[in-house]
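Enquirer: Please read through the structure below; I'll follow up with questions.
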Amino acid sequence: MSTFKKTTLALALAGATLATTAQANEVEVLHWWTSGGEARAANVLKELMEAEGYGWQDFAVAGGGGETAMTVLKSRAMSGNPPSAAQIKGPEIQEWGELGLLGDLNDVAEAEGWDELLPDVVADIMRHDGQYVAVPVNVHRVNWLWANPEVLDAAGVEMPTTLDELFEAGEAIREAGFVPLAHGGQAWQDATVFESVLLGGQGSEFYQQALVELDPEALGGEQMIDALEDFKRTRELMDEGMPGRDWNVATAMVIQGVAGFQLMGDWAKGEFTAAGLTAGEDYLCAAAPGTEDAFTFNIDSLAMFRVSDDEEREAQQALARLVLEPTFQEAFNLAKGSIPARPDLDMSEFDSCAQQSLADFQRTAEEGGLVPSMAHGMAVRADIQGAIFDVVTNYFNDADMPAEEAAERMVSAAEAASF
Amino acid sequence: MKNTSATPLGAGAKRSTPSGGLQAWLPRLVLAPSVAISLFFVYGFMLWTFVLSLTSSRMLPSYDFVGFGQYARLMANERWWVASTNLMIFGVLFVVVCLVIGALLAILLDQKIRQEGALRTIYLYPMALSFIVTGVVWKWLLNPQLGIQAMVQGWGFESFRFDWIVDPDMAIYTLVIAAVWQASGFVMALFLAGLRGIDDSIIKAAQLDGASLPRIYLRVVMPCLRPVVFSAVMILAHIAIKSFDLVVALTGGGPGYATDLPATFMYAHAFTRAQIGLGSASAMLMLGGVLAILIPYLYSELRSRKHG
């Protein structure tokens with residue numbers, strides 16, 4: 001009897017050790033790629049990992065902007081049990097890094113030559129304290145103008161390349177009986193239009209000063225007032241049913257030919273593709289008016305949490321390496337509408353909008369003009385971003401607030417938000 | 001009956017007077033876990049929220065104390081004042097309008113009419129819906145290009161305008177409309193139960209004395225319904241302070257943040273803007289608001305018991 005007991009105990013122990021080793025070379029990845037195309041794209045990564053003999057534990061949390069996922073992640077981190085990788089982006093990577101929770105990826109980065117592969121602006125975001133802690137998955141361009149060519153023909157206008165042309169074209173489209181600019185009145189959408197208009201009217205240098213460096217002189221100065229006034233003018237191009245409208249409903253207005261234009265990031269392309277439309281024929285894409293030489297980026301990335309187990313660490317490094325490999329980059333970005341994070345990829349599979357996007361990305365990375373998107377959490381910390389959102393959306397919706405007052409509030413928003 | 005109380009263990013089920021030690025302790029023992037759990041999870045967490053509101057916590061809770069700095073920041077925050085003012089407007093209008101409509105409906109239904117059951121169900125039905133559903137339905141009804149305005153304009157009244165939901169100054173009133181639509185049936189049910197509880201003979205006596213019907217309701221019935229009014233106000237005030245889902249579904253806080261309420265303010269700051277300290281401070285002020293209603297209520301309840 002006692003020998004039997006010993007054997008079972010030994011077996012159980014062996015089983016337990018086996019189980020832990022099985023767990024050790026596994027990665028648990030928290031992400032919110034839960035829509036059809038995204039889930040398929042995430043699956044590519046899972047298969048690549050499994051092909052190399054690593055386990056993949058999926059930790060998908062539904063909910064568009066990842067707010068739910070971030071709440072779940074915070075509770076896991078607080079209980080001392082974070083997943084090995086999580087979809088964290090922009091300055092938030094720095095916040096997690098400051099909490100000392102992120103592990104470094106320097107070995108992979110060195111072996112794969114990330115320093116040469118990634119544009120500096122991108123690489124900087126992936127580093128905390130000079131150490132690589134995250135790996136970029138894709139690059140979204142935010143400053144896009146989408147258009148319905150039939151509406152443009154009916155109104156007799158071309159794709160606008162400057163803000164003035166946009167307002168003129170808008171007038172003609174309204175006279176032809178269409179909504180000039182489709183928009184959804186949510187704070188982040190207001191901010192998306194605002195940053196594109198600011199970039200188009202004032203240029204990327206000013207954008208950098210105001211919305212990235214939060215320079216009080218830029219935030220409260222003449223140029224900001226001009227930008228705010230341009231922004232308010234776009235309101236005249238919108239219909240009154242916009243408050244609370246979702247962005248994809250606004251995109252649908254362009255698809256159905258109710259509206260002429262929409263200013264929205266390249267995730268809008270997913271809607272056009274899903275409706276069976278072809279880029280360049282059934283719908284048009286161009287840089288937001290006045291921003292041909294600029295590129296507002298929104299980069300999704302996977303940050304790696306600090307793990308003690310060597311094998312788990314090895315799995316993490318493998319994950320980081322595979323994310324930047326061409327197979328995944330191509331499959332994922334074709335599904336997501338974005339462009340690859342590594343600019344050296346063969347783009348023949350991608351549509352004309354994505355090809356233009358990548359070309360602009362490379363060009364602006366070299367010539368300047370590549371700026372992080374404030375509206376999408378790439379430029380400033382979440383609290384400052386929130387305070388700017390409040391000013392932008394309040395000014396946009398308040399018919400009586402002068403641009404001067406909004407500019408003053410912009411300055412105090414940037415100051416008051418941090419503690 | 002007397003012989004059944006001989007065994008203390010079996011006596012629990014038999015409604016005898018408590019005598020044995022175990023019997024006296026049993027209810028406490030049974031309740032102890034739930035009391036401990038609620039002490040920890042309700043009051044413990046309230047305390048924790050208060051502690052957090054004194055720290056500079058941003059993304060994760062930290063224990064870097066900054067005194068009442070977060071409260072000072074909150075007081076300087078323009079959006080918080082919008083949210084608080086909105087709560088005052090929304091709360092007062094919501095409670096008053098619900099009471100008036102609920103009482104009127106109850107009095108009308110109390111006139112011994114046919115099909116009362118069916119009518120009661122119709123009025124009470126909105127209460128069965130979640131605020132999310134109410135919010136979405138009213139969002140469509142109030143949308144100037146889909147709902148009421150478009151419909152009336154379609155009838156030929158081109159100049160008709162009903163675009164409150166897109167007007168930052170009026171949007172808060174659309175919240176009142178939707179919330180009243182949802183809750184007044186419930187107030188009606190409360191009043192109806194109260195009306196049915198009033199002794200007929202009092203009303204008959206008043207009628208014999210020659211009092212008119214409105215007079216009877218005003219002078220005889222309403223004073224009898226004071227406890228009902230009080231409970232209704234309590235419940236409605238709580239609904240108003242806790243309102244979150246309705247705002248999210250109906251206006252999303254917009255246009256801009258014109259329809260923000262403290263609950264949505266707190267959620268946005270604590271959970272999406274990495275401002276746990278500020279969010280906790282706003283939560284504590286909301287708790288203060290609830291207590292300001294609850295304490296007078298408890299006080300009056302306890303006093304009336306004593307005088308009983």
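Heads up, the Cβ atoms here are built off N, Cα and C, so glycines get one too.
Sharing the record's features from TrEMBL:
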type     : residues  : note
DOMAIN   : B:84-299  : domain 'ABC transmembrane type-1'
TRANSMEM : B:29-51   : transmembrane segment
TRANSMEM : B:87-109  : transmembrane segment
TRANSMEM : B:121-141 : transmembrane segment
TRANSMEM : B:170-195 : transmembrane segment
TRANSMEM : B:216-241 : transmembrane segment
TRANSMEM : B:276-299 : transmembrane segment
Enquirer: Are the transmembrane segment (B:216-241) and the transmembrane segment (B:87-109) near each other by the rule of at least 3 C-beta pairs under 8 angstroms (pairs 6 or more apart)?
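Expert: When sequence-distant Cβ pairs are counted, the transmembrane segment (B:216-241) touches the transmembrane segment (B:87-109), since at least 3 lie under 8 Å.
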Enquirer: How about long-range neighbours of the transmembrane segment (B:216-241): same chain, 6 or more residues beyond its ends, C-beta under 8 Å?
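Expert: Residues packing against the transmembrane segment (B:216-241) from afar: 87, 90-91, 94-95, 98-99, 102, 107, 179, 183, 186-187, 190-191, 193-195, 198, 202-203, 206-207, 262-263, 286, 289-290, 293, 297, 300.
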Enquirer: Going along the chain, which residues at least six beyond the ends of the transmembrane segment (B:29-51) come within the CB cut-off of under 8 Å?
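Expert: 63, 280, 283-284, 287.
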